[in-house]
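As annotated by TrEMBL, domain 'Major facilitator superfamily (MFS) profile' applies to 8-396. TrEMBL lists 44-63, 75-92, 98-123, 135-154, 166-184, 216-235, 247-270, 282-302, 308-329, 341-361, 373-391 with the feature transmembrane segment.
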Amino acid sequence: MSIFRFPALVWLGIGILIVSLGIRQSFGIFMMPISEHFQTGREFFSFAIAIQNLLFGLFQPFVGMAADKWGSKRVILLGAIAYSLGLYLTSITTEASVLYFSLGALVGLGLSATSYVIVLGAVAKVVPAEHAAKAFGLTTAAGSFGMFAMIPGAQMMLQDMGWQGALQGFAALCTLMVAFSLFMKSARSNARKTQQTESDDLTLKQALKEAFHHKGYWLIHAGFFVCGFHVMFIATHLPSYLADKHLPASSAALALAYVGIFNIFGSYFWGLMGDKFSKRHVMSMLYLFRTVVIAAFVTLPVTEHTAALFGGAIGFCWLGTVPLTSGLVRQIFGARYLSTLYGLVFFTHQVGSFLGAWVGGRIYDYYGSYEPIWWSTVVLAFVAALIHLPINDKPLRVASAV
C-alpha cells in the first residue's frame, strides 16, 4: 500500500504529533533561561521535566484504555486543552514551584493524550497489519518533523520574545491539535475490518493476563526504558552540555534540529526494516548503532561540527524504536488492545525518561560534569541491544498477526 493511500485519520494523527512532540522536544533550550529567571540550579528544571515525563507515562495506560473504549477523538481533544493550559500557566507564574504542576503535571497529561500511544492505537485499527510498521514509521517520523520545525522557531522566539512569550506562542499552537481532533472520525467503526479474525470474546483483563505472563513483553518494557532514558537525557541536557563546552546556543538548536530531521528518515527506515525483517533483530541493530554513536560523541572533542554530526547520527536512531516496539506488541498480541498494552510499555519508557531528565541534572549539580551520565547511556544502549535477541515474537494466536 502506498503511503498516499493511507486513510485520512493517519494524516490527521501526523498533524497532531507534529505539534505535540515538536513542542515537547524543544523544552531543553528553555532550561537555562528558566533556571536563571527563578535563580535555581539545573536540577529544579530537570525535576519539573522529569515529573512531566513520569506522569506522561503514568497517565498513558489509562488514556489508552479510554481511547480503546471511547475512541481517540475525545481523548486527544481533552489532552490538547490540558497541554495548552499547562504551557500558558508556566509562562505567567511568579513562583518556581508552580512549574511542577504546570510544566510537569498538566503538560504531562496533555502529552499522554496527544502522542504516540493514542495516535498509533488509532492508526493500527485502520491500516492492514502487513503495512502496520510502515504506517507506524511514517507516523513516528511526523514527531521528528515537528522537532525539526519547532526547535529553530523556539530559539528565535526565545531571542525575540523571551521564554514567557515563546511558551505562550506554543500554547496558542496547541489549538491546532484541537482542530485536528475535531475532524477525526473514531477508528472503532473500522476496527473490525482489521481485527475481524481476532478473538471477539477476548476481554481486556484476559489480554492483560496474556501479556503479563509473556516473558517477551517484559523484555520489550526493559528495552523501551533505555530508549526513554536516552531520549530525555539528550533532549533536556544536550543544550546545557554544549554550552558548558563554550559552544553558542545556535549549535544546540542546530544539533537538536538535526536530530529531528534525521529522525524523519530514520523512523521511516526502521519501520520499513521492521516490515521486511525480524523486528527484534532490527531493534538490536538499532541499539548497537546507538551505542557506537554515543560512545564516539563522548570520546571525540566537542565542536560545532561534532555536535551537528552527533545530532544527525543519534537522530537517525532516535525514535526508530517506536514503530518497532509498537509493531512488536501488535505482532504478538494483536491490534485490539494495542493502545492499552503499548500504553503500559510506554509508561516504562517514561520511567526511563524521568530518570534521564532528573538524574542528568542531579549528577551535573553533584559532580559539575555530565561525563558519568554519558558513559551510563553507552552501557545501557549495549544492554538494550542484547535483551531484544531472546524475545519470542510469535503471535499468541494466528489471528493476532492480522
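Just so you know, glycine gets a Cβ as well, placed from its N, Cα and C.
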Please report, as numbers and ranges, the same-chain residues at least 6 past the borders of the transmembrane segment (98-123) whose CB is under 8 Å from any CB of it. 9-10, 13, 16-17, 19-21, 24, 27, 34, 44-45, 47-49, 51-60, 63-64, 67-68, 72, 75-76, 78-87, 89-90, 132, 135-136, 139-140, 143, 174, 177, 184, 187, 322, 326, 338-339, 342-343, 346
Looking at the transmembrane segment (166-184) and the transmembrane segment (75-92), are there 3+ C-beta pairs under 8 A, with each pair at least 6 apart in sequence? yes
Same chain only, please: residues at least 6 beyond the ends of the transmembrane segment (282-302) with a C-beta under 8 Å from a C-beta of the stretch. Say none if there are none. 223, 226, 230, 241-242, 245, 247, 270, 273-274, 310, 313-314, 316-317, 320-321, 324-325, 328, 371, 374-375, 377-378, 381-382, 384-386, 388-389
Can you check how the pLDDT averages out over the domain 'Major facilitator superfamily (MFS) profile' (8-396)? 86
Across 44-63, 135-154, 308-329, 341-361, the most C-beta pairs under 8 Å with the transmembrane segment (216-235) come from 341-361
